[in-house]
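**Q** One structure coming up, written as structure tokens, with questions to follow.
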Amino acid sequence: MADGVTQVDSTGLHSFSPSPSLSSSSSLPAVALSLAVSASAVTASYSISHLPPPPLPPVPTTMAGWIGWVFSFFFQVIPSVLYWIITFSTITLPTWLFTLFSMSLTFTMNFTTLLLIVLAVVSTISWFIRYRFLNMYSRLPPEPQRKEPQVDLFPDVQEGDSKPGLANYLDEFLSAIKVFGYLERPVFHELTRTMQTRKLIAGETLMLEEEKGFCLVVDGLVQIFVKSMRDGKSDTDEELHHLGAESSDEEHHIDGKQGYQLLTEVKNGASMSSLFSILSLFTEDIQLRENESSGSSSSSIALRAARVPNSIPTSPRGVMDSPSLGFQDHSDDTSNMITNGELPSVPPLHLGESRTPPSGDQHHQQHHESRKHSSRKRRKSVHPDIVARAMVDTTIAIIPASAFRRLTRVYPRATAHIVQVILTRLQRVTFATAHSYLGLSNEVLGIEKQMTKFTTYDLPNNMRGAALDRLKDKFIKERDRLGSEEVTKGIALHNPSAGRRRRSSSFLRKDAALQAKLMTPRRAATVVTPESAPAEHDTYGVSPGDLLSTIQSSRFGPRYEQPPAKLQTPLAEKENTHFRLPAMQARHTFRRQDTMDEDGLFRECILDCIMKGIGLTSSTRDALRKSNHSGEASPKLLSYDSRRQKAIFTNNAFGFIDPYEGSGDGETESLMSMSVTSAGGTSPVINLREELRNDIEIVYFPKGSVLVEQGERHPGLYYVIDGFLDVGVPIVDKGEDLVGVSKPAASKGSFPTLKRTTTANSVGAGGTAANDSRRRKQSRKSLYLIKPGGIQGYVGAVASYRSYTDVVAKTDVYVGFLPRASLERIAERYPIALLTLAKRLTSILPRLLLHIDFALEWVQVNAGQVIYRQGDESDAIYLVLNGRLRSVLESPGNKLAVVGEYGQGESVGELEVMTESTRPATLHAIRDTELAKFPRSLFNSLAQEHPGITIQVSKLIAQRMRDLVERPVTEKGVERSNAGSVQTATSTVNLRTVGILPVTAGVPVVEFGNRLLHALHQVGVTNGVTSLNQAAILNHLGRHAFSKMGKLKLSQYLADLEEKYGMVLYIADTNVSSPWTQTCITQADCILLVGLAESSPSIGEYERFLLGMKTTARKELVLLHAERYCPPGLTRRWLKNRVWINGGHHHIQMAFRLTAEPTHPETKRFGTVLKQRVQVLQAEIQKYTSRRIRQTPLYSAQSPFKGDFHRLARRLCGRAVGLVLGGGGARGIAHVGVIKALEEAGIPVDIIGGTSIGSFIGALYARDADVVPMYGRAKKFAGRMGSMWRFALDLTYPTVSYTTGHEFNRGIFKTFGDSQIEDFWLEFYCNTTNISKSRPEYHSSGYVWRYVRASMSLAGLIPPICDEGSMLLDGGYIDNLTVDHMKGLGADVIFAVDVGSIDDNTPQVYGDSLSGFWSVFNRWNPFSSCPNPPTLSEIQARLAYVSSIDNLERAKNIPGCLYMRPPIDGYGTLEFGKFDEIYQVGYAFGKQFLEKLKSEGSLPLPEETEEKKKLQRTLAPRRASI
């Protein structure tokens, strides 16, 4: 303290002032400063402690005082801290550094120490890089495989007894009359107002042939028996009356099976009447054939029309007994029969045989006295020898025959609709079952053959001679001009008025409709055409042999005579002149242009014969006129949109014959027809005849041309002018599908849409026909010939059936063709056409088909309803008519596994019925389904009388048992790894309806549906494909759209569409709460949930609605991408919360515009609008914030076959192409060359599966679906694997394997990164061997590198990979070529590439013992003749691949598998350095193999060959102007 002065200031604080000597000293400034600070601190503390305390400021008692005290404290402390920091950083720290650096240190160590230090540093760095930088693959977030979704099996709410009382009665009654289709309220009341009920006590019998009406069981159980054919027949009334009178004798008779056999048991809500008996009730007063003799004079027609009452039984008795007579004999026989007025007594028929009953002698005028007797006989002939017995006390309801007769008179259009519905179900239930399932082809085909006797009408005599020769000359000249190739398509005669009709058809139709509305009933019932000149017939002096006098006179007769004065009005006379003027002009034109009018007269004559053949004659029109005074309460007859017929007609040889384009709205058309009907008495006949005259086409087909193919919907009616048509059936060689109902009937590699256009020579080797003939090896069996004057396709075209036969031109044939659209217009305006067909069908029905029709039950089940449960007694076989069923196996532990799914045309339950065992699984309906129930009692009855049926069903069962036996071992378990494959295999087959549902509002489902529809058309769906949206449905329903009947009408319309088309797309383009969205969900076999990939993956409102409906249909997710790229992990985010997606997912590239508004915007609500806006904003923000590798796609599908919509279309219709790549180490590089050859050949790949190196190459191709990135990445990986340094650095102590597997993991991870299998553009899977559970596993989700690495893990070389506690090794140890699993995924054609090593099978003769020394010496001895024994490693390898070799041999024989093995045996497993060489070998082999397939015609691809280009040109054939 001597060097400074300390003083105290006025505040009581000490201050220190350094002395001048200390301040001037610069040697130790820091020391001086520190001393000064220390002295100051000591002095201050000493002074403060000894001096009296100064008066301190008062302690603050307020908040302001505390704040001031804190501020004063901080103003003193903070400056001192800052001062210390500054001094330390500027003075103290530099001083320390200067002292440290001025020091000198010396370290001494030897080289060993230095080396150890360096090794430690290097090891530390390498460990950090190896385990913290290069093994990023091990630090990925865990993403386990996605579990297979559980099977949805909701409780059956409809199980158990029905509701008691009145509700039970109504429910059972309504379920029974569903067979009539939708009924309007007046029609329903008309049917039920005279309904009667009847009580049957247990054991009471009922003679069904004596019951005059439609019978159904309301409560109880009734057994239906049939008289056995083996014990003789009982036809007389006395026997039947005695049988029905003595119930006790009858009971004993039936119980003892004395001559009767049980057909079926009828329970609550089922009908006791067959479909044919219902038709007979509607068609009592319908003629079988037109009375041609009465058509010679108009007066006779007028007289007969005046005498015809409301109900006349005028049906010939002996028409069915006459064989194929000459055409001139038909008129005489028929006229005599019709004059007699007796109805036919249809006898019991054996398999096509007929018995001739005696003809009646009553006269036509005595019909009133004989009506009851005739009706009773007719009813007996409709269902003879049928007896019903009540098992318990039963209540039945009977709708009497009088109700049906009155319904026919009061509501003829509704009657025709009911008849059409019954005819449709008759074909779907009875005919289809008998033909396809029971093998009763002769009985079914015999119906069409016998129908020709009713439809044969000859052309007039003067049109057969010189006129026909002139017609032939025109075609011969044109044929010579065109050449043989073009002629094979058929030549149509030029129709100059066809174009004018199409342009003005809508106007002409409305004009003629209004015209007919004002005409008298007499005039309206007359058909007038522009070519007919009524007044000038005698003026021109035409001879009686002229054409106009031979055309049906009834068309002109009423115009010659004076009508009754009370019916004639001046207005009608004025209106009639409107039609007479063109008639006079046409007559003069015939004088001037004989050739042109002769063609028109040919069309007139052909149309006359066709209309008489289908029952549209003058007498039927007159009879219809009396009762056709209603119609406002009847819906439109046709149950499908006629405008959609265009898509079908363009696919046949008559694509140029457009359907009626001017019809406009279908409902408007129906209303116009009904209003005209009620006003004028008939439909607008004049306009209809004019339209049909222009629709008639005269076509020439050369010998061998195919006019109609089996299974095709009839294009129309063919009237044979000259030549012969051969009707036959193709005979499939043995070894093919026996029945055709157990497998989808799709020919591989063919295009049915093109196949329908092969109207050329079917024997020729062109295009699809040649491929099909080679593939199926069919021969043909001729059934009967259609001669000139005959009509082909009557039943099929009028009733819209599919053809059971092929129709081939036996000779050069000239036919008149009337399109099916024209027939639909006829049936719509003249229901008598359908009634006539129904009458003819009931008259020629064989007894066997009648009994089958009685026993077959039409069953309708709701979505989710259980048909039978596992363990129930098997009482019936079920055939799917419409809808879809799923069979579910309930295993111990309440685990459910899908056994199979059954679509339209398939059957289930034969094995249990034949073996009388219990049901092996539970069967439930996926959606609303129509079934044909084939009871076991009917099967037993048929088996006793017709063993051929038993043989047919036994073949089906044997085929299914063979499939079960040959099912691979890998599919017999129900483990997680393969349960999904079984479900997928059955779910992708025979899909008939696909629902397209958006995830949320704003998804462009309409555009998506249109593109998918276009792709399905190009892929070629059997029988075509159509799409439905709300606009199409509203257009069809019209005024019934929002009524209860509209639902029934809609269900029938949708059922007809599913029968008509091979696939129907339901596009849900409405809001969530609309009924159409619900319909799309309930009608779908498969539901496609469409979402935008870049939008929010949250659950959408449509999905919530879908879940609320509890549908069990297959659900698939479709993600729409703006670019052909999927970021890693995107798909997993979508699938994570959607456990209900049980059908996989698809990535589709589709350019679209993001919009927040749906296609049909719903009601504007603030919450909904706000949510949509937020979603759009999220999507827009995600565009710029998401990490994406590239903003534009590097690889796009430039070839159409690689289009995403085509891939989805092939998956939906079961025509996917699979690629299976086998394992083999470096030999797998050949896979790259084979894939390139496939792309160059134009073969699309939809599913890829691989093993070992095949999984690596397959994953590369599935990622981008392009060869270019696959080639680059594969070559880079081969370079890494070919480096010996990497292999050497990865060596480890061989406790588990020789290497650690790190370098192998790195090579695979650098190739795939963090991508997941779900993100791949193509569907991909790889297989591994689970050595922990000793089973194969298939992986289709999770990290790619992980499961590809597991599939490539050779035992001993690389350690197994751990997955959920299990160890996975190379999948090739069990199955090196997974063709069977690929088949289970739904692939139709599979390319299997095998690159595995071939074992040395040289016989070994080294003896019973072996010395190792001798083995080594023998291996090095060049002169030894003994083969080298296998080494220990070779023996272990052969043991490991024993199972794989067995599966490989089985895979080669799987149908649809194309086995390929490139010549790569000379390359080793680890020779990755020979990449280019092995790649070229595979590429060359692939090109050679595919060229061979192409030359053989078995290349399954949509290739544009010259033959198919010719076929495509026939889609729009040219009209020959001759």
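Cβ coordinates come from backbone N, Cα and C, glycine included.
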**Q** Under Swiss-Prot, the annotation region 'Disordered' belongs to which of these stretches: 225-246, 555-576, 1501-1522?
**A** 1501-1522
**Q** Per-residue pLDDT averaged over the topological domain 'Lumenal' (87-108) comes to what?
**A** 91
**Q** For Gly728 (nucleoside 3',5'-cyclic phosphate 1 binding site), what is the secondary structure state per DSSP, taken as helix, strand or coil?
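**A** Assignment for Gly728 (nucleoside 3',5'-cyclic phosphate 1 binding site) reads strand.
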**Q** According to DSSP, does Ile696 (nucleoside 3',5'-cyclic phosphate 1 binding site) sit in a helix, a strand, or coil?
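**A** Ile696 (nucleoside 3',5'-cyclic phosphate 1 binding site) sits in coil per DSSP, no helix or strand.
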**Q** Counting only residues 6+ away in sequence within the same chain, which have a CB under 8 Å from the CB of Gln792 (nucleoside 3',5'-cyclic phosphate 1 binding site)?
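**A** Result: Leu707, Val708, Leu717, Tyr718, Val720, Leu725, Val727, Ile786, Val807.
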**Q** Using a Cβ cut-off of under 8 Å, list the residues of the same chain at least 6 residues beyond the motif 'GXSXG' (1250-1254) that approach it.
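**A** That would be 1220-1229, 1231, 1324, 1326-1327, 1351-1352, 1370-1372, 1375-1378, 1393, 1395.
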**Q** Taking the Cβ of Glu712 (nucleoside 3',5'-cyclic phosphate 1 binding site) as the centre, how many other Cβ atoms fall within a 10 Å radius?
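**A** A count of 21.
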**Q** Which residues in the same chain, at least 6 apart in sequence, have a Cβ under 8 Å from the Cβ of Ile696 (nucleoside 3',5'-cyclic phosphate 1 binding site)?
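**A** Those within reach of Ile696 (nucleoside 3',5'-cyclic phosphate 1 binding site), by Cβ under 8 Å and sequence separation of 6 or more, are Arg603, Ile606, Leu607, Ile610, Gly816, Phe817, Leu818.
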**Q** By DSSP, how many residues in the topological domain 'Lumenal' (87-108) are helix, how many strand, and how many coil?
**A** 15 helix, 0 strand, 7 coil
**Q** Are there any residues at least 6 positions away along the chain from Gly728 (nucleoside 3',5'-cyclic phosphate 1 binding site) with a Cβ closer than 8 Å to its Cβ? List them or say none.
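**A** Arg780, Lys781, Ser782, Leu783, Thr805, Asp806, Val808 - these are the non-local Cβ neighbours of Gly728 (nucleoside 3',5'-cyclic phosphate 1 binding site), listed in sequence order.
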**Q** Write out how many residues of the motif 'GXSXG' (1250-1254) are helix, how many strand and how many coil, based on DSSP.
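**A** Grouping H, G, I as helix and E, B as strand yields 2 helix, 1 strand, 2 coil.
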